[in-house]
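For reference, the structure discussed in these notes is given below.
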């Protein structure tokens, strides 16, 4: 079993071709934000595809879409597979989308071979994973796992003041609370790596052992602007303090050498004019690690350095934490099945910890969860250039097929 | 002589009060850009004041205004004193303005005491010293000293496309080329320090020995933007490279310990969004020193570090020099007279090199030139908070009076 079974790559390609047209950008990317016309179009087609494959489709009160393929054992909890169909602005064709379309292909392949499973298999498309239009991200999976109150989610507003609930109604995907995922034994999400390791190590399958926890901060630095001719040692230059802090933040992974990731996002300098030094810098940064203790240690290092640099440079700092998510270890059983899948097809694989967050990191609270990564070129994601070869996609979907089938019969 | 003579402080104060009203801001600053309605108003009043003091007023083809007090010796070259009445946007009340109003007070004081001098004394208001509306700065003094062609100056445009010549005509201050400063033996400019040294050293008079040369650069850094979760060591983060470069630039004065000044002005980061690392940084910086060799060495240090950091971080850099001015040593004779003045009144003084540029640094090419500095609070200039006490102003103007009179009788 399993080993010989393989997905239909040409069918999967044509499924992708349709997806590429919905919100497709002229540079080969996808622009498909939550609850926009493009999101609705893609959802409608996805629902139709699921119905055509004999699945029982339902929508919950956060707009998450499920399609169920009944198993032989009506009392057994199901195996859920899927991801999200929404995208970042001017983003890539694969992030999220791969996991959903691959799940459909898994079901279609089982149908092709008239394979029944003990457990039911459910495909899922989570709402608003990217969180670009409605912040924060992962509101669909966050809603059903209790990470956020329903009231909070419904009242989240986009840039124009439109609420999540209004957006949901607008595209006609407000379903019932009764339809939320429940009685799920296992969840598997196939996703592009969004990092460089598989490519660098010439591996095709990433057996994901967990998702890093992520803490985000906003830092305001207030110094004193002066004439550019003012002697350097007498200045309280916000930019120079911020530059030192940036290097400290960037240096933490070298200190811990332990799969820690840090990044600086927003970095705004005022007044930013010639021959005038800086008064203010506003910046954001994040710190990611699977292990909460190591993450905390790195954050404390950074905080201490910020204080020291602020004192040395005579600038005022205000640090605010804007997000905190714990790291999540994945299910040993799911990890084992993914590894077995890679071995059974003789695909080169490696264990890997996800640095970005995924719906899987929330779903891990309600089901035994795992992920499968496939390599993406140069690790680039959330960009129109995002690229995954269909050779690798085929392998990733085969492993998903293998693990799903195994878990559905356990 | 000299020692007993002192300017009329209450008259000088009332002259300042009028200046403060023309382009005065609600926070106690001045907003008086070149060739605006405010500039014209201030010029008109200044011309009237000079005429009231018996001066022979003329305007040259760059809008520089002169007022001449005839000396006894018609063949002797004159002593010129003055500065500029224009300001930076939302700037201070003293920068430039002090030098012009003080010069008027010097003439008024000489008139009060019916003191004749051998040489003629000329007051001057230079056009567009600040260069905010019409770039570059110091176009008035740069025009008469041949730093810039007349054609170049006339065609410089403001943000709205209005040329220097159009602006000059608009306020009716287009004079004749024959009126440019000529036959000037000495030039003295009284100015606020715009730095912290006099205040820090508890000195009232800065005997300025020269103006630092200044080189300005524009640096573009192009890296690769990635997901914030992308491992740090695999990134080509433009901001991290720029931060290292910023610290290298800021560190040069520590290497040379020799009155070198460096500053970073513009610093723009793209895309500057949360959880996404940086693709590009655009920055400007400058390097200042009196001695061209030391300035060059510092610039070479910086260039070499930029190359090294770019290689290490895998980012592309483009460096462009946008400005270069040589350092200017001032006249020994003028320096001596300024020092003698401070000593004769028993004012605490120190020698100092000007880090910012001034009209004096151009005029040094056509006349023996010097400057007098008075302390400004915290060294802050080009800002509404700019503050100089009238106690210190009085002392500075007394020294200007002393040096002017001495040089006019040499």
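Glycine residues also receive a Cβ, built from the backbone N, Cα and C atoms like all the rest.
Straight from TrEMBL, the features:
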type	residues	note
BINDING	B:84, B:95, B:191	Zn(2+) 1 binding site
BINDING	B:95, B:130, B:382	Zn(2+) 2 binding site
DOMAIN	B:210-311	domain 'Peptidase M20 dimerisation'
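This view paints the features noted in TrEMBL onto the structure.
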| residue | record | CB count, 10 Å |
| --- | --- | --- |
| B:84 | Zn(2+) 1 binding site | 27 |
| B:95 | Zn(2+) 1 binding site | 28 |
| B:130 | Zn(2+) 2 binding site | 21 |
| B:191 | Zn(2+) 1 binding site | 28 |
| B:382 | Zn(2+) 2 binding site | 23 |
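Averaged over the domain 'Peptidase M20 dimerisation' (B:210-311), the predicted model has a pLDDT of 95. Other residues of the chain with a Cβ within 8 Å of the Cβ centroid of B:95, B:130, B:382, the Zn(2+) 2 site, are B:87, B:88, B:91, B:92, B:96, B:129, B:381. Cα of residue B:191 (Zn(2+) 1 binding site) to Cα of residue B:382 (Zn(2+) 2 binding site): a distance of 13 Å. Each of B:83, B:94, B:96, B:97, B:98, B:99, B:129, B:189, B:192, B:358 belongs to the same chain as B:84, B:95, B:191, is absent from that list, and has a C-beta within 8 angstroms of the C-beta centroid marking the Zn(2+) 1 site.
Applying an under-8 Å Cβ distance to chain A, the binding-site residues B:84, B:95, B:130, B:191, B:382 reduce to B:382. The domain 'Peptidase M20 dimerisation' (B:210-311): residue composition by secondary structure is 42 helix, 36 strand, 24 coil, according to DSSP.
Taken residue by residue with DSSP, residue B:382 (Zn(2+) 2 binding site) is part of neither helix nor strand, so it is coil. Between the CA atoms of residue B:95 (Zn(2+) 1 binding site) and residue B:130 (Zn(2+) 2 binding site) there is a gap of 10 Å, rounded to the nearest whole number.
Between the CA atoms of residue B:84 (Zn(2+) 1 binding site) and residue B:382 (Zn(2+) 2 binding site) there is a gap of 14 Å.
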